[in-house]
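A.B. asks: The structure is given below, and queries will be raised subsequently.
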Amino acid sequence: MTSHLDEPLLRGKDEEEEKLQDDEVFNDVEEQRLLPRCSTGGASFYSNGSASFWRSCLNLSNVISGIGMLSVPYALAQGGWLSLVLFAMVGAICFYSGKLVDRCMRADRSVRSYPDIGHLAFGAVGRTAIGVIMYTELYLVAISFLILEGDNLDKLLPGTTVELLGYQLHGKQLFVLLAAAVILPTTWLKDLSMLAYVSAVGLVASMALTASLVWAGVAEKGFRMDGTSLFNLSGLPSTLSLYFVCFAGHGIFPSVYASMRTKRDFPKNGFRTGGGNLLNLSGLPSALSLYFVCFAGHGVFPTVYTSMKRSRDFPKVLLISSVLCSLNYTLTAVLGYMIYGDDVHAQVTLNLPTGKLYTRIAILMTLITPLAKYALVIQPITTVIEEKLKRSATTMPMPGNNGLGRVFTSTIIVITMVALACTLPFFGYLMSLIGSSLNVTVAVLFPCLCYLKIYMHRGIHRLEVAAIIGILLFGVCAAVIGTYTSLHQIIGTF
């Protein structure tokens, strides 16, 4: 017989246990100093969603480990071997900012999303600013998924042409449409616990991609050091931006947090990272931007948080997910750079020779990753649109007031993304732009600013304030330099 909190037989025991767990959280010295005890409501603060601990681990790992993995070898080639120091720094910064998202989520029980954090800190202006930037970031990331699908399917099946309604579809555009048709049903799911199974497939696909690179290195190219740079200064902004994409996901942190059974466990996480150019100063801006791509996912963190049964476990979920993804990122970056050197493409799968078995495996695994992650990325967008439609239903019948609302909104969103994906061919530059401008803002700047505003009156330690200010300065510099470099590269292609 399964026990639930609402069953009378065990209610007293569960309530006592829950009370002890709450007291343990707030009796901790740091939590007592930083986190105010909420006085609203009678519902449990830590039981909001239906996703279990391990399902949340799968969802969050799927959020962090995404298409940034395809770009880390390119980012390493842009910045040189010493840019791995930046990779580790970006991972640590994004990890810490994820902990700040957790603390902000626990500051008030009404906080359910990233824009809610902005409203708690800065009022309506904060909600609007964070919402616009976060939803733009997630929207562009979802578009990059479709571009990725189109590019890799075109490489896997070159010359494919299909006639539809009198029009001939071929190449990238054809495969973007096919990918969207496959992805669309996953966007109709609202329960993140159901998406955990899809996320598990995505994680297996990421690991299989890394294994395919090992296979390619052993069977064909070998592992070489000649012709690669140890450090490339000019490539650092792009590298840093992509590194931020790897670890950014803070906009979805509140959703993950709210879905957890034990929210206090959210902060217990960390990242670790493992001749060529030692340093390439000219490539550092691009490398830095791409590194941010690797760790960017904060916009989805609140979604995963709110989906958890015990959101106090979110720190543990974040720890497990971050360690696994960081190891996979590092291995992929080193392998890709050692095999292909400075010739590595923005999508490392495009370097693989056609016709080889490991190439087919790598591309198939690459195609699975966006399929598994797409629904998680656009869920915050569809959710906010659904809420607006439901509010409008009081005066005008709208499709958002029933079960078809999600189908309607998700379908419209995907259609607009398909149209843009067919006209934006610059995958690497798009990733760098997202990492430098949007990921840095969502994953670094917003969490730090909101945390300072919410908790400054509680007496934050001076060392922590100094550290946050240092992170803010670093983030601003990375955003400005990376954005300029990315836009310059995109404009130069016309």
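The backbone N, Cα and C atoms fix where each Cβ goes, glycine too.
Not measured: the values here are computed from a predicted model.
TrEMBL feature annotations, pasted as is:
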DOMAIN    50-267  domain 'Amino acid transporter transmembrane'
TRANSMEM  79-98  transmembrane segment
TRANSMEM  119-148  transmembrane segment
TRANSMEM  194-218  transmembrane segment
TRANSMEM  230-253  transmembrane segment
DOMAIN    279-486  domain 'Amino acid transporter transmembrane'
TRANSMEM  288-305  transmembrane segment
TRANSMEM  317-340  transmembrane segment
TRANSMEM  360-382  transmembrane segment
TRANSMEM  403-427  transmembrane segment
TRANSMEM  433-454  transmembrane segment
TRANSMEM  466-487  transmembrane segment
A.B. asks: Taking contact to mean three or more C-beta pairs under 8 angstroms, with sequence separation of 6 or more, is the transmembrane segment (119-148) in contact with the transmembrane segment (466-487)?
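C.D. replies: These two stretches do not touch.
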A.B. asks: Counting Cβ pairs under 8 Å that sit 6 or more residues apart, are there three or more between the transmembrane segment (433-454) and the transmembrane segment (360-382)?
C.D. replies: no
A.B. asks: Need a quick answer: max count of Cβ pairs under 8 Å to the transmembrane segment (288-305), which of 79-98, 317-340, 360-382 is it?
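C.D. replies: Stretch with the highest Cβ contact count: 79-98.
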